[in-house]
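K.L.:
Sharing a structure with you now.
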Amino acid sequence: MGQRLSGGRSCLDVPGRFLPQPPPPPPPVRRKLALLFAMLCIWLYMFLYSCAGSCTAAPGLLLLGSGSRATHAQPALVTAPNETSPKMPFRAPPANSLAAGKDKTVGAGSQEEQSPEAPDSPSPISSFFSGAGSKQLPQAIIIGVKKGGTRALLEFLRVHPDVRAVGAEPHFFDRSYHKGLAWYRDLMPRTLKGQITMEKTPSYFVTREAPARISAMSKDTKLIVVVRDPVTRAISDYTQTLSKRPDIPSFESLTFRNRSAGLIDTSWSAIQIGLYAKHLEPWLRHFPLGQMLFVSGERLVSDPAGELRRVQDFLGLKRIITDKHFYFNQTKGFPCLKKAEGSGKPHCLGKTKGRAHPTIAREVLRQLRDFYRPFNRKFYQMTGRDFGWD
């Protein structure tokens, strides 16, 4: 047996001397409370992080850009507004030539508002909550115009926590209407109560069927049109086309049907799109003027916060987007957002934004301004706003 100790006891008789006992387990209740507290802390952190990202998110830095495709179609003689005997014929293409998206001169595919960069991906935390809400048809649509600054406006609006927008252009009301509203709705992001669903497709403004189709979806849809001096818009359109197809004819040769006679070729989409008054007429047959907002592409560059204030009021949103969200990029000459959506870093959208335009002869610019002047004045009258292009 074991060694005897004083008092006649063996070492085996002394509890815990050579065989230490494990500590008693913690009470089950205490263990459960600790686990519950840890889970609560993790959930609270994720919730606050998601909220912070939603409230401070800003879209990728926006630069108003240039360029698009050139198209030609068989002309049809039309007269300029307020002129009984036009100095030069206005030849419009067939009804669907602008909306078809087929470019005989430079190939298919809208380049302007099919942004060269995909929108920023949502953060993992935001994705955790992406299953909330439901998909709704858009309550507001940016319908035009191409190369006017629609991508800039949409990205600026995405700073607002109550605006949810589709990143790519759906082209539903001009190219995919046959797929039905259920297909269209499925393209939309999920929204919560109080949030607005938006999309932008600039070609809608020059698509004759679009006004009736959007009205059939909802007569209450709010429409936003970003417009820009039609001469600089046409040059911007051409500039982007030139970057994709360096072998296309010169701007001057595409502008005129007969250079010596000074006849403008309005079958070229770069010229046709700038006839804003003509394109606005069918929209006013389906929507009251009060449901349309006309945004200045020039002021979107010089005073983005001012134009965004008008847009937020039009959409019934709280004025959250202000001067503090923007800074001016001296290199490109355009405003940018201080924070990209889903991150805290500034970012300018698109390396092609702010690129130099080709030099156009002064005489060509003068003839174009003379051509557009009556259409511009008619547009000012129709919208109640002088954009100062003349």
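Positions of Cβ are set from backbone N, Cα and C atoms, glycine also.
Relevant sequence annotations retrieved from Swiss-Prot are reproduced here:
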- 1-25: region 'Disordered' (REGION)
- 1-32: topological domain 'Cytoplasmic' (TOPO_DOM)
- 79-125: region 'Disordered' (REGION)
- Asn82: N-linked glycosylation site (CARBOHYD)
- Lys147, Gly148, Gly149, Thr150, Arg151, Arg228, Ser236, Lys353, Gly354, Arg355, Ala356, His357: 3'-phosphoadenylyl sulfate binding site (BINDING)
- Asn258: N-linked glycosylation site (CARBOHYD)
- Asn329: N-linked glycosylation site (CARBOHYD)
K.L.:
If we count other C-beta atoms within 10 Å, could you say which of the recorded positions Ser236, Asn258, Asn329 has the fewest?
P.N.:
Asn258
K.L.:
What's the CA to CA span in angstrom from Gly149 (3'-phosphoadenylyl sulfate binding site) over to Asn258 (N-linked glycosylation site)?
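P.N.:
Checking the Cα atoms of Gly149 (3'-phosphoadenylyl sulfate binding site) and Asn258 (N-linked glycosylation site) gives a distance of 31 Å.
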K.L.:
In whole Å, how far does the CA atom of Asn258 (N-linked glycosylation site) lie from that of Ser236 (3'-phosphoadenylyl sulfate binding site)?
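P.N.:
With the alpha carbons as reference points, the distance is 22 Å.
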K.L.:
For Ala356 (3'-phosphoadenylyl sulfate binding site), which DSSP three-state class applies?
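P.N.:
DSSP call for Ala356 (3'-phosphoadenylyl sulfate binding site): coil, neither helix nor strand.
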K.L.:
What does the structure give for the C-alpha distance between Ala356 (3'-phosphoadenylyl sulfate binding site) and Asn329 (N-linked glycosylation site)? Integer Å is fine.
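P.N.:
Ala356 (3'-phosphoadenylyl sulfate binding site) and Asn329 (N-linked glycosylation site) have their Cα atoms 15 Å apart.
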K.L.:
List the Cα distance (Å, whole number) between Asn329 (N-linked glycosylation site) and Arg151 (3'-phosphoadenylyl sulfate binding site).
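P.N.:
Asn329 (N-linked glycosylation site) to Arg151 (3'-phosphoadenylyl sulfate binding site), Cα-Cα distance: 17 Å.
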K.L.:
Tell me, what is the mean pLDDT of the topological domain 'Cytoplasmic' (1-32)?
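P.N.:
Residues in the topological domain 'Cytoplasmic' (1-32) carry a mean pLDDT of 54 in this prediction.
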K.L.:
Quick one, of the binding-site residues Lys147, Arg151, which Cβ has the fewest other Cβ within 10 Å?
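P.N.:
The binding-site residues Lys147, Arg151 were compared, and Arg151 has the fewest Cβ atoms within 10 Å.
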K.L.:
Measure the Cβ-based neighbour count of Gly149 (3'-phosphoadenylyl sulfate binding site), defined as the other Cβ atoms within 10 Å of its Cβ.
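P.N.:
Result for Gly149 (3'-phosphoadenylyl sulfate binding site): 32 neighbouring Cβ atoms inside 10 Å.
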